[in-house]
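A.B. asks: Below: one structure in structure tokens.
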Amino acid sequence: MKVGIVGSGMVGSATAYALALLGVAREVVLVDLDRKLAQAHAEDILHATPFAHPVWVRAGSYGDLEGARAVVLAAGVAQRPGETRLQLLDRNAQVFAQVVPRVLEAAPEAVLLVATNPVDVMTQVAYRLSGLPPGRVVGSGTILDTARFRALLAEYLRVAPQSVHAYVLGEHGDSEVLVWSSAQVGGVPLLEFAEARGRALSPEDRARIDEGVRRAAYRIIEGKGATYYGIGAGLARLVRAILTDEKGVYTVSAFTPEVEGVLEVSLSLPRILGAGGVEGTVYPSLSPEEREALRRSAEILKEAAFALGF
């Protein structure tokens, strides 16, 4: 099975590396305007495969994407320190206007997996440019924010993060919504579990975890210029869900006809992900405050996409 990655920067190359380590695909093709960069990353990652799985990693052109089951769109300009994801819009929308048609010319049956920030709006841009059914254009959305939320809760409660079930919805960015009301640990409501564990969550604890999730990307960007390992692993996990027709539930971004009264917006909700992309949405139980926060997040994304004409 072939996977394409358009954009061989930090996110694209980290995704290719994660795919190779996980053995998700048989072939990974890196496409980039900077052919030398794509070739260098491909060769370096290929040299890691003897220690992992037999994956053929190579650089190529758009034509080499033919037959790809999934294509990761990681092309674009990097987020600058202090820059919000929504401020990236004008620059990255222009990139997608060139990239999306060329990808679909070579791989018309592929699921498009959008990684370029601001990912929710770029998912909407890719969807409008592609003419594909909504489920075939999937954004990485809040998969990383959800992972951060679960990891911080697990750290506080001293349990494995795999036992924590909690979601971050809406924008992958400043207006994201941490869903505390329906969070569970081992099937037990979060607050009940925390009390039983002797680790009751005070308002200060919740505020600290919220800040830890919401500001993580900014701290990392300030320290080293970009985030890529976490999202690379997350994207590889989404690719595996597509290639294996897993039908797992992930907080990914997709075009949504209506959410909390806001029409035609791309944002993250728990989605069932399989071979055809998004196959359904699992709308979680939300408190009134969370519903209002999700509505505001949807409005922000809707306005940003509308300003671009998408």
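Each residue, glycine too, has its Cβ placed from N, Cα and C.
So Swiss-Prot has the following annotated:
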{"type": "BINDING", "residues": "MET10, VAL11, ASP32, TYR62, GLY76, VAL77, ALA115, THR116, ASN117, SER140", "note": "NAD(+) binding site"}
{"type": "BINDING", "residues": "GLN79, ARG85, ASN117, PRO118, VAL119, ASP120, ASP145, THR146, ALA147, ARG148, THR227", "note": "substrate binding site"}
{"type": "BINDING", "residues": "ARG150, HIS165", "note": "beta-D-fructose 1,6-bisphosphate binding site"}
{"type": "ACT_SITE", "residues": "HIS172", "note": "active site, proton acceptor"}
{"type": "MOD_RES", "residues": "TYR218", "note": "phosphotyrosine"}
A.B. asks: Could you check which of these recorded positions, GLN79, ASP145, ARG150, HIS165, HIS172, THR227, sit within 10 Å of ASN117 (NAD(+) binding site), going Cα to Cα?
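C.D. replies: Matched recorded positions: GLN79, HIS172, sequence order.
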A.B. asks: If you count other C-beta atoms within 10 angstroms, which of the binding-site residues ASP32, ASP145 is the most crowded?
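C.D. replies: Top count of Cβ atoms within 10 Å goes to ASP145.
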A.B. asks: Under a three-state reading of DSSP, tell me whether ASP32 (NAD(+) binding site) is helix, strand or coil.
C.D. replies: coil
A.B. asks: Taking DSSP three-state, what's HIS165 (beta-D-fructose 1,6-bisphosphate binding site) in: helix, strand or coil?
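C.D. replies: HIS165 (beta-D-fructose 1,6-bisphosphate binding site) sits in a strand per DSSP.
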A.B. asks: Looking only at ARG150, HIS165, which of these binding-site residues has the biggest number of Cβ atoms within 10 Å around its Cβ?
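C.D. replies: Highest number of other Cβ atoms within 10 Å: ARG150.
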A.B. asks: Output the one of MET10, ALA115, VAL119, ALA147 that, of all these binding-site residues, has the highest number of other Cβ atoms within 10 Å of its Cβ.
C.D. replies: VAL119
A.B. asks: If you measure every Cα to Cα pair among MET10, VAL11, ASP32, TYR62, GLY76, VAL77, ALA115, THR116, ASN117, SER140, the residues listed for NAD(+), what is the largest value in Å?
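C.D. replies: Result: 22 Å between the two most distant Cα atoms.
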A.B. asks: Round to the nearest Å and give the CA-to-CA distance linking ASP145 (substrate binding site) with the residue listed as 'phosphotyrosine'.
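C.D. replies: Approximately 13 Å lies between the Cα of ASP145 (substrate binding site) and that of the residue listed as 'phosphotyrosine'.
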